[in-house]
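Heads up: the structure comes next, in structure tokens.
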Amino acid sequence: MQPIAQLEGRFNEIDGRYVIVVGRFNHHVVDSLVEGAVDALVRHGVDDANIDILHVPGAWELPLAVKRALTRIQPDAIIALGAVIRGGTPHFEHVAGQCNAALNRLQLDFDTPIANGVLTVNSIEQAIERAGTKAGNKGFEAAMAAMEMVSLLRQLGGNEGFEDDAADHGGVA
Ligand SMILES: Nc1c(NC[C@H](O)[C@H](O)[C@H](O)CO)[nH]c(=O)[nH]c1=O
Ligand SMILES: CC(=O)[C@@H](O)COP(=O)(O)O
């Protein structure tokens, strides 16, 4: 019986261009996410010169900035960072929901990994826990996911020629 082929991203071939897009809202938390993401990239060998950091007001603005970065910078991966903290109105649902849905759509449409480091939490305490304290640093984790996906997709090769099929079926490539 043939062995089942298994592929996974590696961290010894992470050279490439990375763009970190940051929603500044709740910056006291988000700043730690940025530190974690940069730490992960640099400690795994990504050159500082290959890391761009773009700042927008909040999570709502992340998708547009990510889309423009994808077209103008054409990075190997994007790391989206932010902290959406539930308040006293339904606004949280809209900001968090639309941001995440748009980012996921963009990564499929542009065939480029967009790692999700956007916290969507119920309290400031939960945010702090996930920005470098007892629940890890979601910025670091998002950067790791970005590097892993860059490596895996390189192993798989491009999807040239498949986009048309997807377009014909109204799907994403
Ligand atoms: N409440 C949070 C926001 N709100 C701001 C929006 O993201 C947006 O900047 C504003 O509506 C103007 O368009 N953003 C976060 O990132 N986190 C929040 O908790
Ligand atoms: C995610 C939000 O927009 C939220 O933090 C805003 O707080 P509020 O719902 O109390 O206006």
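Indices start at 1 and increase along the chain as displayed.
Note: Cβ is positioned from N, Cα and C throughout, glycine not excepted.
Cross-referencing Phe25, Phe140 against the 5-amino-6-(D-ribitylamino)uracil binding annotation in TrEMBL, which names Ala59, Trp60, Glu61, Ala83, Val84, Ile85, Asn116, picks out Phe25. The maximal spread of the 5-amino-6-(D-ribitylamino)uracil binding site, taken as the longest Cα to Cα distance among Phe25, Ala59, Trp60, Glu61, Ala83, Val84, Ile85, Asn116, is 16 Å. Put simply, His91 is the one of the recorded positions Gly88, Thr89, His91, Arg130 whose Cα lies nearest to the Cα of Glu61 (5-amino-6-(D-ribitylamino)uracil binding site). Put simply, Val84 (5-amino-6-(D-ribitylamino)uracil binding site) is 10 Å from His91 (active site, proton donor) when counted between their Cα atoms. Considering only the binding-site residues Thr89, Asn116, the Cβ with the fewest other Cβ atoms within 10 Å is that of Thr89. In the vicinity of ligand 1, defined as a Cβ distance under 6 Å, the following of the binding-site residues Trp60, Gly88, Thr89, Asn116, Arg130 are placed: Trp60.
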